[in-house]
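Got a structure here, written out as structure tokens. Questions coming.
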Amino acid sequence: MENGDYVSKLTEYARKRGLELKFDDLDSTGPDHDKTFTVTAVLNGKTYANGEGKSKKEAKQRAAENTLKYLLETKQQDPSDSIKSTAESPTASPYQTSISDTDYVSLLYEYGQRNNVTITPVESIKVESNIAYLCRFKVGDKECPAASAKTKKDAKKEAARLACQILGVKSKNKRTNFIALVNNYCQKTRRIHNFIEEKRAGPAHDPKFFYKLVINDKDYPVGEGKTSMEAKQSAAQLAWSALQEQSDWDSKLYSCPSFYSPRESLEASSQSMPTGTSDSVVFTDSSNPSKEKVGYLSHYSSNSGKVQRKKSPFFNIILCTIYFDSIECLAKGGFGRVYKARDKLMDKFYAVKTVRSKEKALREVGALEEILHCNIVRYYTCWEEDSEYPWDITTDSYSTSQSTSNSSRKYLYIKMELCESKTLKDWINEKNEGTLQESERRKESLPIVQQIVNGVECIHSHKLIHRDLKPPNIMFGRDGKVKIGDFGLVTAEADDDAENQTERTNKTGTKSYMAPEQRSKKMYDRKVDIFSLGLIYFELLWNLSTGHERGVILNNARRQTLPEEFSLKFPEENQIIMSMLCEKPEDRPEASTLKAELEKLPQTLNAQNMYQENVTV
């Protein structure tokens, strides 16, 4: 779009169409001498694009420019259609947070995916009438009735409704997971997408979140919700609606199953499903990946014009075997397994974690989808199935026999970043068995603890508490970076009371690394992670023997009693660790403070080494 006064252009655009235009101030960040302002354009109560600038005037211009770009790109036939429909419906929510009517288009695409049939919209223009647009759907080989409307979008909606009526497809009041639909679309078309938080509003007890979806640098409308997940779903829904209007849309290629919505399911399942007690995972090394592949194992038949699915023992593991191959078991525990699997489309290996769909697993997904940090295991997506991947427990190999299934059980499949099989516990054991000098161990331990602190700082900045930091839960990425994993016990930290604490489940975590208040009380905050980190830092530096002696030393450390020899050899680290192991949580440093202290540590140690060398000379 050419340069110019975009505010005037948008004002003229609104005037010609009888629309009310206003600009809302969203935010201002930075110091007084260098502020950045954020403004959003609102047409007839509907929020469009945002703009940023060093002044409100500049931000306003950018918001107007971005809004005009969006209107022209998404509605080439008549850019005012979407605004007119909003004007005709004054009760519509400005952020369109939910579907006022049943979303028959998405319902129809889901039907096609479930039954393995192609859904194809056939669109045309009826020039001799003012009802210009016609649309009908082909479901496999079956042609459904046509529908007409003044806009292409409305014609498509009505045609989808008629198709659903003919096929007997009914809404079960189950909300479509638009995030999963967009994820699948972007993966198949090799597009990059990201959810951007626009702002938060409202009191702590009734917050409102605002997110927008950006796909390949293109912004889509802002969605609103009472939780970040709800707002992201709303933003994904708005983007999904716009994507379906594109000329290159292919329903067969882009249709996707309704992947799991962790936050919504967490609320429902937490009331009915028990929390597991043994959830540790043991990593095992496997140098020869299995090449077993599973084909499409569901079967279909036609009956009275309807497509029906015949039950197959493997129908519910279709996703895992269609999208992945070269599947090998890397880890196993009391609650599930971790597999190494190659994504066929991306030609890249990922970790796929399978667990019983319980509150702990849902909490892990809910936490990971909020966070993107180089020192935290990256989450990509998840889905739910009725069966566990059929891995033979006795031989650790793929089994073609029917997997154990229970109609009441659900399994959550979590696609995550693939890490090396070695954990921090393995690293510590290797160093303890070696003959590394204290100075070398100090040198190797410092970058590790710094990266862990960076990850913890990120977790705390999202108002979350890990609650189960320990060496087995800290891994190494394929890029060599430290990665914090196992977010199964993560919990939200309340921010609506003075002490920033909330009531928790008592004794949640690993006992030997628990802070005192985590063991004995129901009220604690993020400082429990700092205590656990203090014990980990001590283990990184000090050669602990195994068995009873190790237990005695760690118990003494929990009471701020470290070996005298340790304080002599590592005086600076001793001081930092002692502060992390304070009995009172308020006396422990914040992760950000700890990060700053560790950054200064190399300079302090270098200065001491230079002094000792001068004294020796």
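Here the Cβ of each residue, glycine as well, is placed from N, Cα and C on the backbone.
According to TrEMBL, the domain 'DRBM' annotation covers 5-73, 103-169, 177-245. What TrEMBL records for 74-97, 267-291 is region 'Disordered'. According to TrEMBL, the compositional bias 'Polar residues' annotation covers 77-97, 267-289. Annotated domain 'Protein kinase' per TrEMBL: 324-601, in sequence order.
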Under 8 Å for C-beta pairs, could you tell me which stretch among 5-73, 103-169, 324-601 has the largest tally with the domain 'DRBM' (177-245)?
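When the Cβ pairs under 8 Å are tallied, 5-73 comes out ahead.
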Would you mind splitting the domain 'DRBM' (177-245) into helix, strand and coil residue counts from DSSP?
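Helix, strand, coil within the domain 'DRBM' (177-245): 27 helix, 25 strand, 17 coil.
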Restricting attention to the domain 'DRBM' (5-73), give the mean pLDDT.
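On average, pLDDT over the domain 'DRBM' (5-73) sits at 81.
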Over the span of the domain 'DRBM' (5-73), count residues by DSSP class, listing helix, strand and coil in order.
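DSSP classes over the domain 'DRBM' (5-73) add up to 32 helix, 25 strand, 12 coil.
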